[in-house]
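Structure first, commentary second.
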Amino acid sequence: MKFLDEAKVYVRSGDGGPGCVSFRREKFIEFGGPNGGDGGRGGDVWVECVEGLNTLIDYRYQQHFKAKKGEHGMGSNCHGANGADTVLKVPAGTQIFSEDGETLLADLTEVGQKIRLAKGGNGGFGNAYFTTSTNRAPKHANPGQEGQEMWIWLRLKLIADAGLVGLPNAGKSTFLASVTAAKPKIADYPFTTLHPGLGVVRSDGREFVLADIPGLIEGAHEGVGLGDKFLAHVERCRVLLHLVDGTSEHAGKTYKLVRGEIEAYGNGLAEKPEIVALSKADALDADTLKSQVAKLKRAAGRAPLILSSASRKGVPEALRALQTEIDASAEAERKPVAAWQP
């Protein structure tokens, strides 16, 4: 499935149906009086968060969504039918912005959430509504109220428990493939991964969702290499697994480069728990491995995990460390906030 995390769409709710001008006509009833019914209400436009989606690709091919108009009123005081609603289905993690791209209208984070973007117009009154003591036979009715229209931006931020970060070719996709059923493209060149991906990890009888984003480069927080868009997908993660390529020239400098981009990006990303791991350990001899571990430890301020996704060395330990941080974060959210006391 192709991945799309941003789309601009046009929505319009339905116009209300016009009221009816009608008079009762029956045999032997000369002045039957007005009996025009009201018009139906226009349909609404809704956005609903549903299961089974992790991309906005459907909105690449269709950008205009219009609800149905209300039906016109009829004689015999028959009201017009209401217009059908239109529902835009989006994955969990979708944010809705106004046309300026900055005003947040809604943030849909849970399946089942549903918001109304545009309300349908009210139906017009039929001439029966305008009957008064001084005007027993009104000959006018209201037109229906116009619907609302707007352009909106849909932006997806993937919802995962843990996120993988690192430079291109750091082994993130290989790690994801080794611990989940996901099948990301893997090759020995930078930028093999072009789109974020998700996988479900099953470890020690537990499950959590792991997100893999394309590799970051210097200037990512400013949009270089679309880095700012990719970092947005790990904003909602509880913990980051920072993979540092053991075959790089200097593991410590590599770590600091990515860490600097995370801190410059902001939005609370730098405050998230981080697990540091040296990847591709199977490709290093003992002396090089020892040297790279020492450099990375000095840069990160703590001893890194040593990983090899190919041989699975250190993988179970990494998964347990991730699960521990995820549990700690979830527990912190569940703690009740003490009531304020003067």
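Cβ from N, Cα, C; glycine included.
As recorded in Swiss-Prot:
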type: BINDING; residues: 166-173, 191-195, 212-215, 279-282, 308-310; note: GTP binding site
type: BINDING; residues: SER173, THR193; note: Mg(2+) binding site
type: DOMAIN; residues: 1-159; note: domain 'Obg'
type: DOMAIN; residues: 160-327; note: domain 'OBG-type G'
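Reduced to three states, the DSSP call for LYS280 (GTP binding site) is coil. Take the CB of LYS172 (GTP binding site) and look out to 10 A: across all protein chains shown you find 31 other CB atoms.
When the alpha carbons of GLY166 (GTP binding site) and SER173 (Mg(2+) binding site) are compared, the span between them is 11 angstrom.
Per-site Cβ counts within 10 Å over the binding-site residues ASN169, SER173, SER308 peak at SER173.
Following the DSSP three-state reduction, the secondary structure of LYS172 (GTP binding site) is helix. The separation of SER173 (Mg(2+) binding site) from LYS280 (GTP binding site), Cα to Cα, is 12 Å.
Taking the Cβ of LYS280 (GTP binding site) as centre and 10 Å as the limit, one finds 22 other Cβ atoms among all the protein chains shown. In the predicted structure, the domain 'Obg' (1-159) carries a mean pLDDT of 89.
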